[in-house]
2 protein chains.
Amino acid sequence: MAKSARLSGFPERLPAERVIEKRIIDILEHTFALHGFSALHHRAVEPISQLAKDGEIDKEIFAVSRLHSEGTERNPLGLHFDLTVPLARFVTENANELSFPFRAARIQPVWRGERPQAGRYREFIQADVDVIADAELPGHVEVEIPLIIADAFARLAPLGVPPVRIVVNDRRLLEGFARGIGLTDIPAVLRCLDKYDKIGPEEVAKLLAAEAEADERQQQLCLALAAIESDSPDFAEEVRALGVEHPLLDEGLESLTRMLTAAAERAPGVLVAQLKIARGLDYYTGAVYETQLVGHEELGSVASGGRYDSLATVGKKTYPGVGMSIGVSRLMAFVLGEDSGITASRGTPSAVVVAVTDEERRSEADTVATALRARDIPCEVSPSAAKFGRQIRYAERRGIPFVWFTDGESGHEVKDIRTGEQTPADPQTWEPSVEDRWPQVTQG
Amino acid sequence: MAKSARLSGFPERLPAERVIEKRIIDILEHTFALHGFSALHHRAVEPISQLAKDGEIDKEIFAVSRLHSEGTERNPLGLHFDLTVPLARFVTENANELSFPFRAARIQPVWRGERPQAGRYREFIQADVDVIADAELPGHVEVEIPLIIADAFARLAPLGVPPVRIVVNDRRLLEGFARGIGLTDIPAVLRCLDKYDKIGPEEVAKLLAAEAEADERQQQLCLALAAIESDSPDFAEEVRALGVEHPLLDEGLESLTRMLTAAAERAPGVLVAQLKIARGLDYYTGAVYETQLVGHEELGSVASGGRYDSLATVGKKTYPGVGMSIGVSRLMAFVLGEDSGITASRGTPSAVVVAVTDEERRSEADTVATALRARDIPCEVSPSAAKFGRQIRYAERRGIPFVWFTDGESGHEVKDIRTGEQTPADPQTWEPSVEDRWPQVTQG
């Protein structure tokens, strides 16, 4: 006996909302396929030892265990919290069956035991693309990945999804800069810089002193770096002007310059170097990316990722990768909000309700429906032989545009219930318009 | 650091396998849409109180809890073990937003803590259709649902999926018959009959005596009923010939007769009344269905379901439903087996690898790839500017049929690497054949 049991942080969509979500997923899936990414689907669980890095167990993980399992589980499991860790495990497990560099796309739910809040869920859908190499991962992949995400958002634009700004940085650049000015606790520096937007430059300076032992000059140089923001490859000159030298800084600058040069040609205005972003997850070792919906920055990042060089290792062999993840559920928080104006024309796929004259003659209606479906027209047969007025209201309530009347003697007629127009029709040839055949997702 | 961690019972597909699985899912999704079912996606978790019927907790449930959650959870959660219980909950929760009868389709994973064995998994994909009413559920829906499943399998046939036999029975028929011969412990009778195929008629007779207090005559009548099997509506006469009378028996017979009559017209030979099937899940109250792949009966049922009248209730209001669930993962066990001969032409979507002449000119290749994608041709740019021979082998290893060569001076050429034929081509107009454009799933 089902009772209402809404669970905070576990969004479920109503039919018309799911039409929109599914359309977004289909567009992303298609974009990823056009760019040559093999679609995978990961199992939901991983050994907790795999999910908890370096033995440190994260509160955000949902543990999974059999109810009434006898004794303790030998290999305790948890739900994956992203799609990168499962991919790294999948690649090492199946390395002999894959060709490298391996291009993988996945669109599926992930779970985190966080406190639910606006745009943050306990179950949410991510759409990921990753390229994983079996030895050297060429730097141009770090350029390619954000441009694929830019392409994906460009393909979502006709639905009414706003343009994006992909902000990029490079961990090598940050590390090289920090080392070049004499700082050594790199994780602490990254942690401090990552709070720039939240707490502002002055507090970051204090934090750098407290946590990374940065003196006045080091603090000021870090803040000067963090303030640099540009969509032109010329940003590198601003960095150089700070007078810091380090081989890792050169590597990062070169990679970021290449990214902005390519972006200027292939997705002008979309990529912006923002040297304050560092990203929380500490498996990143090169490029890092975040993505804002222009005009809706308060939503947070809708697509993030980076380069990870040592997430997937077997013995001495490592599989470096670069990937980005689109937060489909977070994007949906915007799409379903009042600002977006994005709607589905209906929540049911049916374009036609075939009316039933009386129950004895239901099979006539079934025959019409079968003929329509054979020509790829979605339809359903009226659930009852009620008065036609009621059958029309059945269609109306669902936003189904057409009702089909069939009568052995007088033949077939189809009514557009929006205009009331009723015309003779043949189940072997009648066609709805392209807009009416399947539910449409549009803005306004 | 990912290590290999294969988990028994949690199947994951390699790229070419996933192409097949995804094609099957797409066909099912499309079939369900053509029949007017709204696509939903349920959250993975339910309160355990919801999953465990009548407070009885089932070992098969996977419990979910936050690692290091403070104290005990107020509302312990579990992973759903089917898609019917979540739908019942969803419908009661959103009744005001839905129109009834409500037609819902879902294709997503479910989890059971069973011991993994051939065709049985701990995580597996199900594809469900259900019709749920808000008061009376008309009997013709019990006829419609298995015919939709028959249509779905007919649409899978071109891939090489064998034809199916949908065996049907009716719980009312069984209950009416049992009551008509004086038996009263109906759950016990159903449990005994359900073992018919496993233990044979003689053992069923003994079980009926032991568990349902059936005397010799009652045992023999039950076995006589259980032996009836027919794809013709005339099966009812065989039942009548046993001389048993009960109003519920009449109801069940009438419903099953109607089903076979409709099936004879719309899916001849597919539906078979088999009066021994009872189904394990005890929420069924009317029609019950199981489905065998013809010639591969040892796989077990690949699509099951039935009518449930009291799964979804809120106060005094109940929402009766009928549904069936296709076991996509079990079907995949056959599809990926040696017998099926079903293969994907490649595991990557790319139809073309655009070769790179040298790294400095990578952007020329990017431009070609962008032009091809704009005309919906999936492609990727070679990851390195290695010798052309190596770039061709990159395509070959992935089953990608074409390699594109671009040269600022001599123009573009495309090579079909299967034939070696190389011809001039224009990125604005060149088209691969329909068979080459996207991965194909075929038999043999």
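Counting begins at 1 with the first residue displayed.
Placed from the backbone N, Cα and C atoms, the Cβ positions cover glycine too.
Because TrEMBL annotations are produced automatically, they should be read as predictions rather than curated entries.
Fair warning: this is a prediction, and the values are worked out from it, not measured in the lab.
Under the three-state DSSP scheme, B:R279 (L-histidine binding site) falls in the coil class. For B:R279 (L-histidine binding site), applying a Cβ distance below 8 Å and a minimum sequence separation of six or more within one chain yields B:D194, B:V288, B:E290, B:S304, B:G306. Look at TrEMBL and you will find B:D82, B:L83, B:T84, B:R112, B:Q126, B:D130, B:R279, B:Y283, B:Y284 tagged as L-histidine binding site.
Per TrEMBL, domain 'Aminoacyl-transfer RNA synthetases class-II family profile' is recorded for B:20-349.
The annotation region 'Disordered' is assigned in TrEMBL to B:413-444.
Under the three-state DSSP scheme, B:Q126 (L-histidine binding site) falls in the strand class. Each of the binding-site residues B:T84, B:Q126 was scored by the number of other CB atoms within 10 Å of its CB, and the largest score is that of B:T84. Per-residue pLDDT, averaged over the domain 'Aminoacyl-transfer RNA synthetases class-II family profile' (B:20-349), rounds to 92.
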